[in-house]
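> Pasting a structure here, questions to come.
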Amino acid sequence: MTGSFWLLLSLVAVTAAQSTTEEQAKTFLEKFNHEAEDLSYQSSLASWNYNTNITDENVQKMNEARAKWSAFYEEQSRMAKTYSLEEIQNLTLKRQLKALQHSGTSALSAEKSKRLNTILNKMSTIYSTGKVLDPNTQECLALEPGLDDIMENSRDYNRRLWAWEGWRAEVGKQLRPLYEEYVVLENEMARANNYEDYGDYWRGDYEVTGAGDYDYSRDQLMKDVERTFAEIKPLYEQLHAYVRAKLMHTYPSYISPTGCLPAHLLGDMWGRFWTNLYSLTVPFEHKPSIDVTEKMENQSWDAERIFKEAEKFFVSISLPYMTQGFWDNSMLTEPGDGRKVVCHPTAWDLGKGDFRIKMCTKVTMDDFLTAHHEMGHIQYDMAYAAQPYLLRNGANEGFHEAVGEIMSLSAATPHYLKALGLLAPDFHEDNETEINFLLKQALTIVGTLPFTYMLEKWRWMVFKGEIPKQQWMEKWWEMKREIVGVVEPLPHDETYCDPACLFHVAEDYSFIRYYTRTIYQFQFHEALCKTAKHEGALFKCDISNSTEAGQRLLQMLRLGKSEPWTLALENIVGIKTMDVKPLLNYFEPLFTWLKEQNRNSFVGWSTEWTPYSDQSIKVRISLKSALGENAYEWNDNEMYLFQSSVAYAMRKYFSEARNETVLFGEDNVWVSDKKPRISFKFFVTSPNNVSDIIPRTEVENAIRLSRDRINDVFQLDDNSLEFLGIQPTLGPPYEPPVTIWLIIFGVVMGVVVIGIVVLIFTGIRNRRKKNQASSEENPYGSVDLNKGENNSGFQNIDDVQTSL
């Protein structure tokens, strides 16, 4: 009895302690929510002001507001850690405390946190204000509008190449040193928060613990992404082969029938969405176009009309109207007052019921669908606004992105477009129009999945340290070729930072959300279509006007982050994992059609071919065999010297052979395919236009003209510095120079030796002359040797010298 009594008493004490801790935690969080609302709003408002008016003054105000918010959050995070999660039974309180106990950037020292903030601001500014000088017009073109127009509409291979390279040279090279520092600091922050690296920190958004069967790990996300990509890949390969065949008609001399696709030909600056390739790839051109851009222009649509129609869609499924503040404060078009702004479309939940969208809307079907996507974010924000501050977010980042995409799937259907008067009432759907529609959808949806998967995989590997910074670009394009089937149109060395030329990378966004959202959106779409009682093919489903579907979706949206995402997913679709079957079901008719179209085509891609292969010259260098122990190290400095030497040869050739002054520089000599045993390929572009590749024959002529000079620069000859395909000059092998002091010493010693020899021979000659003169009158002629007299006139010279 006594033991039981003490056990019962202990349980009562523990329960009382837990109850006290929970009450204290509840009071703490209520106070936090109230204070966080104000400070977070001021920080978000300052950020909005900067993004819609990029000035030094606004960046200063933004930094000050962020500093206040960070200091507050750091202190609150420290206080939250005093509450033991084991003593909290209320799951809502526990989730809030767990979120707040993550210190974020406040885990860094004040100095490093400030530096990271400075880096992020600089990267944002460089991206948002980057411009490229057009050599034809001498006009500086920004990304929007300007370069994006070229990448969306131009069919000029070289014009597209100029825009593609210009953006990466002007923006990417500036971002490179900042991004290197960014990786180090973000990794340090992540490890201070008990994550392996920053990629692991990002994957933490999907982690669910303490939820039993609904638990989900960060490692599981990686496995699910790999699994689903393997299932999607056959569809992508068929789409890739079809697009390649079509692009060969537009760019016949620039596409390999078995190779990768040049990155600058894929519809936008990054090759992320292939939507703009539709006009080049439409299967049945004689059918009415399902791209309603022209109809929108003819009917005088503007940005406000686009967003009003998007609002009507949401209202038709019983979701709320936008607030008046939304219409008053949003930036739906690019300002005409000269302000510099961040044009990339984004939805903003500033707090306190202040919801806004920032977008430089153009009257196109693509922006019509983007408006639905961004307004989907706002609907999600409004739905969970009643949740505590720390739970006002999507169930995971992919959910937030998927909501708007669900609406885009319906808004793109011919059924919905006819209802808006954007397709003729007599528009007839048949097999050909359906294939046209599905191909257009696939260019946007399927075409982007490998891009997204590969980009995030590269970043995860960078953060994990699996790709050293000395190989960032090499590995980036290696993975791009292997995974995406896309090749760089010009080789990029380690001065570039091509990934950071995308908004989401420069602005520090996790990117895997755009992969997971695509899987989720089709799972959601299939489930909501069933709720809407749709019958027939999934790709024909339009849930507009279905209040039942809207209410089912709204129930999930209101949860925010208060429940595990695995549970929220199960509530909608019936399972708690990512499943690609709905996506594959949606595109099944297209997949079948593509396989038939590609019957006689190569499906897949070789990674060996590049657009510049035909104009490249291979070089092999043998330092050891030529110089032995005196061989020097081949490094970046030597490569720079090589490029400069080729530039010199090009200048000389154009001057002497063509009577032209062309100022080639080392940056006009492009090097690729570098191997450790010192071999590489190179080609040359015009200094006036990077898209103008100098014909290989011209470069070969220039090399022949200056071959001896190039050999001398590297202390090599034609055998140890080989330009494959260029005949040897048959010039004499290189002879190393002699040191000057050795020459002087040799001359002096030679003079001394010659002087000594001259003196010796002069002495001998004089003696002989003297002896010859004496024999003409012999003073000893009277001496009679027979009588034993000594002839003193005849003595051996050696005897005379010895006696001396």
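Backbone N, Cα and C define each Cβ position, glycine as well.
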> I'm validating the feature mapping. Which of 524-527, 632-635, 700-703, 780-783 is tagged motif 'Endocytic sorting signal' in Swiss-Prot?
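From Swiss-Prot, the annotated motif 'Endocytic sorting signal' range turns out to be 780-783.
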> According to Swiss-Prot, His373, His377 bind Zn(2+); which one of Glu334, Glu401 is annotated to that same site?
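Among Glu334, Glu401, only Glu401 appears alongside His373, His377 as Zn(2+)-binding in Swiss-Prot.
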> Regarding the disulphide bond with Cys529, report which of Cys501, Cys541 Swiss-Prot records as its partner.
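Here Swiss-Prot pairs Cys529 in a disulfide with Cys541.
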> The substrate site in Swiss-Prot lists Arg272, His344, Pro345. Which one of Tyr157, Tyr496, Tyr514 belongs there according to the record?
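Among Tyr157, Tyr496, Tyr514, only Tyr514 appears alongside Arg272, His344, Pro345 as substrate-binding in Swiss-Prot.
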> Which stretch, out of 354-362, 660-668, 777-785, is listed as motif 'LIR' by Swiss-Prot?
777-785
> Among the glycosylation sites listed here, Asn90, Asn431, whose Cβ has the fewest other Cβ atoms inside 10 Å?
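Comparing Cβ neighbour counts within 10 Å for the glycosylation sites Asn90, Asn431 gives Asn431.
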> Taking just the CA atoms, what is the gap between Asn431 (N-linked glycosylation site) and Asn659 (N-linked glycosylation site) in Å?
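Just about 62 Å between their Cα atoms.
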> If I take the Cα of Asn90 (N-linked glycosylation site) as reference, which of the glycosylation sites Asn53, Asn298, Asn545, Asn659, Asn689 has the closest Cα?
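In terms of Cα distance, Asn90 (N-linked glycosylation site) lies closest to Asn545.
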> In whole Å, how far does the CA atom of Asn659 (N-linked glycosylation site) lie from that of Asn689 (N-linked glycosylation site)?
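Cα to Cα, Asn659 (N-linked glycosylation site) and Asn689 (N-linked glycosylation site) are separated by 20 Å.
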> Of the recorded positions Asn53, His504, Asn545, Asn689, which sits closest to Asn298 (N-linked glycosylation site) by Cα distance?
Asn545
> Taking each of the recorded positions Asn53, Asn298, His504, Asn659 in turn and counting other Cβ atoms within 10 Å of its Cβ, which one has the fewest?
Asn659
> May I ask you to report the DSSP-based helix, strand or coil state of His504 (active site, proton donor)?
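In the DSSP reduction, His504 (active site, proton donor) maps to helix.
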> Including all protein chains displayed, how many Cβ atoms other than that of Asn689 (N-linked glycosylation site) lie within 10 Å of its Cβ?
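Cβ-Cβ neighbours of Asn689 (N-linked glycosylation site) within 10 Å number 14.
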